[in-house]
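Marked as transmembrane segment by TrEMBL: 27-49, 81-106, 126-155, 167-188, 195-215, 241-262, 298-317, 346-369, 390-414, 434-455, 462-479, 508-529.
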């Protein structure tokens with residue numbers, strides 16, 4: 001029988017069980033989703049690049065491609081099936097792991113403090129650091145479990161056991177590092193919203209640092225945990241374990257720093273204080289839409305800037321895409337989807353991919369209504385002369401309007417850089433064409449957001465299931481051809497029903513059908529909100 005923990009960590013064990021209970025749905029979805037996508041991608045690569053000739057063609061394509069290096073890191077051993085699997089899977093899986101632990105840590109630390117639940121827990125016999133340590137323990141355990149699952153998945157794809165274990169260890173290492181980073185952000189930021197924003201920004205910034213270093217294989221790759229993962233070289237003859245020590249050391253330092261910072265801040269407050277607002281609110285803050293926009297302005301700005309940078313990168317490489325794709329028929333088959341013009345097909349693929357990515361923003365924005373309700377802030381608004389319908393419509397209007405704005409921003413980013421680097425080689429040369437193509441994905445994006453409103457109205461405790469359609473849309477857009485998905489499976493994504501712009505002309509019928517369905521689901525959600533009790 002183990003002795004009970006005492007002092008600052010007293011009560012950690014029951015809090016670990018509490019965290020696991022509260023995340024009994026979210027955590028398996030994260031772990032299962034990342035594992036399933038990795039399994040599908042690995043087996044698809046085996047089927048797609050099963051011959052030495054195809055592997056050599058893949059290597060020739062990615063080794064000289066700036067965008068491949070930026071997104072996938074240094075291409076090592078990509079003339080082997082294991083190296084191709086690593087190059088195709090690592091970046092997506094590593095970013096997903098980093099986001100998983102970031103959301104988990106912030107949700108069970110600062111978000112709990114803001115909701116008031118952490119204060120109730122601390123009124124019992126628990127130590128000062130018990131909640132933080134319990135959260136970090138669960139996050140570290142989830143990272144290790146995911147590493148084991150991913151290693152097992154690669155073994156099923158005929159990868160050697162040693163290479164699979166090194167790959168899984170690298171993924172677990174990324175998880176433990178970003179657990180520490182998220183823990184530090186949770187202590188420093190002035191609110192849970194800012195802590196989450198800082199954590200996600202750190203993930204994206206360190207990903208770009210790795211990509212920048214991979215362009216010329218400079219020391220910058222060593223400045224990022226994603227680079228340490230690459231340096232394990234799990235599928236090469238020069239595979240090594242010592243870079244994993246960097247992840248363990250960095251995680252230990254970050255975790256110790258998080259606990260030390262927790263001892264030097266006030267409960268419910270970050271080390272960086274929130275900036276006080278103006279003495280008097282403007283008239284627009286007196287409306288539900290104005291208040292929702294004020295609350296989401298940081299969210300809109302963060303997603304807008306991040307997706308604009310991504311769009312600029314995609315547009316900037318459109319000039320080299322003809323050489324890159326024409327030298328690899330397999331990549332052409334996956335990206336062009338039967339479109340004859342290589343550059344136009346690439347731009348259509350990019351616009352669709354960015355549209356699916358924007359749908360993730362739309363879901364995050366739509367979930368703000370649920371957050372306002374569960375945190376008790378909605379009650380304060382509804383205690384005035386504001387009705388539930390008006391309050392909900394204010395948030396819905398902000399989600400829809402900002403989604404259109406972010407879509408337009410991505411279209412401008414791709415269009416301007418495509419024109420700047422040399423659009424004369426393409427039949428698509430105008431910025432307006434790509435702007436319209438991006439905005440034309442709005443019906444599908446808004447339909448995915450409407451699922452949030454529907455679940456919030458009728459089944460608020462299950463509202464996070466609205467991420468499943470987004471995840472499937474991403475799989476269909478990113479891996480649909482690689483996995484050779486059947487037509488009915490592709491049709492589950494609303495993006496599949498829209499014209500492939502700018503390769504095709506806009507069609508009103510599918511857009512109107514998707515918009516109508518989005519309006520119906522949203523209206524049903526508002527009706528459900530009016531009929532049920534608030535949390």
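Including glycine, each Cβ sits where the backbone N, Cα and C put it.
Packing against the transmembrane segment (241-262) from elsewhere in the chain are residues 128-129, 132-133, 136, 166, 169-170, 173-174, 176-177, 179-181, 183-184, 186-188, 225, 228-229, 231-232, 271: each is 6 or more residues past its ends and has a CB under 8 Å from a CB in it. Simply put, out of 126-155, 298-317, 390-414, 508-529, 298-317 has the most Cβ pairs sitting under 8 Å from the transmembrane segment (195-215). With pairs at least 6 apart in sequence, the transmembrane segment (126-155) and the transmembrane segment (390-414) have fewer than 3 Cβ pairs within the 8 Å limit; the two do not touch. Tertiary proximity for the transmembrane segment (298-317) is limited to same-chain residues at least six positions away from its ends with a CB under 8 Å from its CB atoms, namely 65-67, 70, 193-194, 197, 200-201, 204, 208, 350, 354, 357-358, 361, 364-365, 368, 402, 405-406, 409-418, 420-421, 434.
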